[in-house]
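*Asks:* Below is one structure. I have some questions about it.
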Amino acid sequence: MKVVFFGTPQFAVPSLERLLEHSDIDVVAVVTQPDKPRGRGKQLIPSPIKKVALDHQIPIWQPKRVKKNAQTLTKLRETNADAFAVVAYGQILSAEILQMPKLACINVHGSILPKYRGAAPIQWSIYHGETQTGITTMLMDEGMDTGAMLLKAYTPIQLLDNADKIATTLANQGADLLIETLLKLEQGELNPESQNSELATYAPLIQKEDYLINWTRHALQIHNQVRGFYPNCFTTFREQPLKILATAPLGEAYWEHLPSNIAQKIQPQWTTLSSLTSSPGEVVNLIKNLGPIVQTGEGLLLLLQVQLSGKRPQSGWDFVNGTRLSVGEKFLMV
């Protein structure tokens, strides 16, 4: 089977690698986003997918706008591919491109469709407190993740899982599902299922304001924001930005889902801690070898990992010691 692969970030790498390993699949070309300038020197950095393609000496095409690039369109046609496989490519494909392969354009999407259509399904599923997510393969159409569904695979989201961890799991799961989808497609063994648009939810691009922590929200909501938008959520501490990288919501609903060292240390103090009256963002206690406990609009939140501006990530307890943090200090929403 001749396949053209469209993809860009690390999430797409396992899918491309799995295709390259398969004896019945021939990856004839890779389409990825143009190299992006990074750092102070604005050095052009290739995408993770381009690096894999270079290692395997596969033709690489990097149009700024694939549907408007006549040269790329001609090359795509000339591949005479059986299928196009698309994994987090980052551009919308035109009807002209979708009709080129003999069998279909297959997309690997990081959610259980029709929930979380869009650019950031993993992040928003965690943000909204989902306890399960997965991968859907689908036949692509001109809409945003609206095509007929082919296969699905599920994975649980644990209380302390963040977007990076779930993305790694789903990237590998998606690679397996892509192979299965392509082989079954070739054998005519798939039964496409139309999406019910009434059940659709959306996962748009994340904006900078989505990263700002509002301490008046529920502790679990802030926790889900921190792990869903990892590693970008921030607050203000002593008039400087402070990234919050890992947290744990505290209380009876969470003990069994937290590591034993957290539950065992805090549970005996819980009656006292939970009766404190403090304002949102205020430090109410410092737990040795763990970190500060912060009051939220509803409930308490333990800060497990943070990052001061210009510094490396550090544990909550190292942050307490390094800044000589005191009970009563406040994190602000500025």
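Cβ from N, Cα, C; glycine included.
Copying in the features that Swiss-Prot gives for the protein in this structure:
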type	residues	note
BINDING	SER111, ILE112, LEU113, PRO114	(6S)-5,6,7,8-tetrahydrofolate binding site
*Asks:* Within 8 Å of the centroid of the Cβ atoms of SER111, ILE112, LEU113, PRO114, which other residues of that chain place their own Cβ, given that this set defines the recorded (6S)-5,6,7,8-tetrahydrofolate site?
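*Replies:* Here the non-site neighbours turn out to be HIS109, LYS115, TYR116, ARG117, PRO121, GLY134, THR136, ASP145, MET149, LYS152, GLN195.
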*Asks:* So if I measure Cβ to Cβ from LEU113 ((6S)-5,6,7,8-tetrahydrofolate binding site) and keep only same-chain residues at least 6 apart in sequence, which ones fall under 8 Å?
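*Replies:* In sequence order, the residues whose Cβ lies under 8 Å from that of LEU113 ((6S)-5,6,7,8-tetrahydrofolate binding site) (at least 6 apart) are THR136, MET138, ASP145, MET149, LYS152, GLN195, ALA200.
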*Asks:* Among the binding-site residues SER111, ILE112, PRO114, point out the residue whose Cβ has the most other Cβ atoms within 10 Å, with all shown protein chains included in the count.
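*Replies:* Buried the deepest by this measure is SER111.
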